[in-house]
Amino acid sequence: MSKLERVDLFDFKSGSLFVLFLLFIFSLSLSYEYYQFKKLKTFDDPLVRAEVIDQEVRLIGEIPKTSMKLRLENGATVRCAMSPYLRDLRGRNVSIELQVAKVTFLDYLKGFRTRGVIMEVYPQLSLKEQWYRRIALAHDDPWMKELYGALFVATPMSQEFQTLVGAMGLSHILSISGYHYGIISLIAYFLLRRPYRWLQNRYFPYRHGNRDLFFIVLGILFLYLWALEFIPPMVRAFGMIAVGYWLYDRGIKIVSLQTLLITVGVLLAFFPKLLFSLGFWFSTFGVLSIFIFVRYYEHWKPWQIFLALHIWCYLVLLPISLSIFGTFGWWHIGSILLALVFNLYYPAVLALHLTPWGNLFDPYLVGMFEAGAVNKVTVPIGIGIGSIVLALIAMRRKEAFWALGALGLTTLGSAVYQIA
């Protein structure tokens, strides 16, 4: 008996109508953001309430300053340079006077920098910061506090540690994204499966078990997303999971460029600020690279796809990553193996942090990071843009698939040559 073939959701006509609908929603969302922007600019120096989401002492023009990132009540983000002697206010709400006379609407959407004066500090910590402080108690080393904070509650890393992590090729596995969402989903599904089956067999055998479990897991993921304050890569991942299951449940093809475009279009229509989120676009490109590989090699055995995908995604993301950040090291190549190990490491340390042994791997991890080095390499931005163009073409043409892989290998060879 032949297997039913899944179909695309839209043809050209219905797809065009859907695009018009998304543009309409986008215009409404943009109008709302503009209203919030004009409201903020009612006064040149408005007094607003904001949450401190990052704070770090940096050298600004050879002078130490506290670089503080805040999220306003309307969702806008702003960075202010303040006294280096300011106490740690991360996770707290403050009343701050901002200078916004020269801020444009585009600056507002992207996140802007300005001067500010804190007028009042509120004592209550955010849920995210409370979680971070509990996690940090398990560790003595500052790097380990930053690592597990980023890994579990998406707290920003310091500039120094973030640069080191990027040079070692670990940014994508140490910063919460769809990769982690997938692991969390599997853990939640397998923990809930047996209790649910028992209840289903006893009380409601007529229910669709997998569908019910999906919505329970989706609810858990949404609560996690809410607690972590809707960071862009997780918003993308949550949208992909929700839209992907909705399409799958209706017999629609999931692994297609159309599915990815639908998800991205819906998210951008409702959240225009995502247009300026680098993390959102990196996350989206990572999903596209997975779709490209699965499109041509879905007939392989699952374990073969699992292993090959880690190598493929590394090569595909390398050109755009190096053209933007330009940091590389010998550990960067080893990140392929570390990404494979991470699939076991992540649930293990998640469980360990529920016990007194959350720091079990700290000595080994500190040694690994101390052995890492930051080297600057140069990859033209045109190479990165070329990889994006090839990736889009590769969804249709296998020649572009091979060209994309060759570009990744060439970029890797160039980076190795520059640091050798």
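The backbone N, Cα and C atoms fix where each Cβ goes, and this holds for glycine too.
Note that TrEMBL annotation is computational and uncurated.
Under the heading domain 'ComEC/Rec2-related protein', TrEMBL lists 157-341.
Annotated transmembrane segment per TrEMBL: 164-192 (among others), in sequence order. Away from its own ends, the transmembrane segment (164-192) comes close to residues 147, 150-152, 154, 157, 213, 216-217, 220-221, 224, 228, 231, 233-234, 236-238, 240-241, 279, 282-283, 286-287, 314, 317, 321, 325, 327-329, 331-335, 338-339, 342-343, 346-347, 350, 369, 372-375 of its chain (Cβ-Cβ under 8 Å, at least six residues beyond either end).
If you look up TrEMBL, you'll see 213-231 (among others) marked as transmembrane segment.
Summarising the annotation, TrEMBL assigns transmembrane segment to 251-271 (among others).
Within its own chain, the transmembrane segment (278-297) is flanked in space by residues 172, 175, 177-179, 231-233, 235-237, 240, 255-257, 260, 264, 267, 304-305, 308-309, 312-313, 316-317, 320-321, 324, 388, 391-392, 394-395, 398, 401, 404, which lie at least six positions past its ends and keep a Cβ under 8 Å from the stretch. Residues annotated as transmembrane segment in TrEMBL: 278-297 (among others).
Positions annotated as transmembrane segment by TrEMBL: 303-325 (among others).
The transmembrane segment annotation in TrEMBL covers 337-357 (among others).
Among the features that TrEMBL reports, transmembrane segment is placed at 377-394 (among others). Using a Cβ-Cβ cut-off under 8 Å and counting only residues 6 or more beyond its ends in the same chain, the transmembrane segment (377-394) has close neighbours at 257, 285, 288-289, 292, 316, 319-324, 326-328, 400-401, 403-404, 407-408, 411, 414-415, 418-419.
The transmembrane segment annotation in TrEMBL covers 401-419 (among others).
Residues belonging to the domain 'ComEC/Rec2-related protein' (157-341) score a mean pLDDT of 89 in the model.
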